[in-house]
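A.B. asks: Sending over a structure as structure tokens; questions will come in a sec.
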Amino acid sequence: MGMRMMFTVFLLVVLATTVVSFTSDRASDDGNAAASDLIALTIKGCCSLPPCALSNPDYCG
């Protein structure tokens with residue numbers, strides 16, 4: 001294989017790795033957002049119950 005061909009293959013591998021890394025990172029961001037929403041809903045449910053709200057003043061204000 002010539003030097004130019006090896007460099008082209010190297011660039012293709014770097015590009016493919018970057019694309020896979022970028023898309024998997026965005027997928028994990030969506031998962032983190034869903035988990036944060038679930039936690040917020042759970043805390044809001046707790047804050048509507050007086051005993052739970054009293055035992056968690058940091059979250060319920």
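Count begins at 1; order follows the chain as displayed.
Cβ atoms are placed via backbone N, Cα and C, with glycine included.
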A.B. asks: Which of these links to Cys60 by a disulfide bond in Swiss-Prot: Cys46, Cys47?
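C.D. replies: Going by Swiss-Prot, Cys60 is disulfide-bonded to Cys47.
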A.B. asks: By a simple count of other Cβ atoms within 10 Å, which of Cys46, Cys47, Cys52, Leu54, Tyr59, the recorded positions in the record, is least packed?
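C.D. replies: Across Cys46, Cys47, Cys52, Leu54, Tyr59, these recorded positions, the one with fewest Cβ atoms within 10 Å is Leu54.
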